[in-house]
């Protein structure tokens with residue numbers, strides 16, 4: 001992978017990630033394909049929304065279908081018929097989400113399979129081996145996602161163990177002679193000094209990119225913004241910056257304003273299945289009865305397949321009848337909305353008009369522009 005930085009506007013960055021399988025324009029949003037599919041979508045449909053890269057889930061793909069089946073197909077690209085770049089998370093966040101049914105030790109994590117209750121052990125080395133089998137273009141280190149709330153001492157111990165796991169991840173990645181890219185993950189909770197220590201340790205090890213983890217886990221939005229404003233300028237400028245698991249459209253805007261290059265989140269797809277649709281004027285809840293006889297499209301400013309062909313009344317009808325097509329059309333729209341937002345942000349950075357773009361974004365939704373802390 002090669003990262004090119006073209007231009008900046010304030011702290012926002014316009015660039016691209018160049019892989020053998022294709023180029024990803026940044027800032028970029030990555031749709032989430034947990035089980036090797038963006039729910040309800042064919043790869044061609046996802047690509048048509050403007051997506052250059054997908055995120056796959058190491059933990060779930062390890063449990064089902066498993067490494068052996070993946071290797072028989074070649075890798076995840078061949079298995080799911082997506083021949084463009086794929087980033088896979090390490091499984092650390094999914095293990096964190098298991099709560100009481102997992103035990104974290106220095107060696108790794110012991111837990112019971114949420115599928116059949118089988119005892120399973122996952123450590124940095126195994127995570128690297130799974131992602132090698134997946135053929136991930138971007139591999140994420142295995143880390144512990146620091147919970148919120150956490151005391152500074154708890155956050156420090158978690159962050160320092162993640163640093164030790166980062167070293168083990170790097171060593172195993174190198175031992176496997178994996179030709180792809182490996183990203184480190186900055187932890188430390190809401191504590192700036194711990195974030196500093198984490199980043200320094202990761203830079204000393206050396207990675208192809210740096211992710212900010214452990215945000216959007218329940219902390220106040222102001223803390224997320226504060227940590228991003230503090231840590232992003234310290235990340236080496238020639239490396240991509242990835243904000244994991246974020247988020248709402250306004251979170252993407254605020255992340256870009258603070259120098260983030262990459263995002264992922266299940267929100268556009270999950271919300272689509274629940275009838276929450278993002279538009280240029282805010283969220284539409286298609287299940288509301290007022291859409292029953294509305295012949296207008298979801299968003300007159302959207303060029304997606306759904307908006308060009310179907311009315312709000314039709315989408316309301318599909319939702320009320322629990323038709324699968326409704327969820328699919330909603331998903332196409334939400335994914336395209338996110339990609340159009342990223343296209344707009346990239347264009348604004350290129351032309352030095354990001355402030356105006358951000359102001360228009362919030363004005364159209366009847367909201368004030370959040371201030372940058374620094």
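Just so you know, glycine gets a Cβ as well, placed from its N, Cα and C.
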Among 245-251, 252-258, 259-265, find the range that Swiss-Prot records as region 'RNA binding'.
245-251
Quick one: which of 52, 132, 137, 143 does Swiss-Prot put in the substrate site with 89, 90, 91, 92, 93, 187, 214?
143
Given that Swiss-Prot assigns 302, 304, 307 to the Zn(2+) site, pick the one from 291, 317, 333 that the record assigns to that site as well.
333
When the Cα of residue 90 (substrate binding site) is compared with the Cα of each of the recorded positions 264, 302, 304, 307, 333, which one is closest?
264
Cβ neighbour count (10 Å, all chains) around residue 93 (substrate binding site) is 21
Looking only at DSSP and grouping its letters into three states, which state does residue 89 (active site, proton acceptor) belong to?
strand
Under DSSP, is residue 264 (active site, nucleophile) helix, strand or coil?
strand
Indicate the candidate from 91, 214 with the smallest number of other Cβ atoms within 10 Å of its Cβ, considering only these binding-site residues.
91
How big is the gap, in Å, between the Cα of residue 302 (Zn(2+) binding site) and that of residue 89 (active site, proton acceptor), rounded to a whole number?
31
In angstrom units, rounded to an integer, how far apart are the Cα atoms of residue 264 (active site, nucleophile) and residue 91 (substrate binding site)?
15
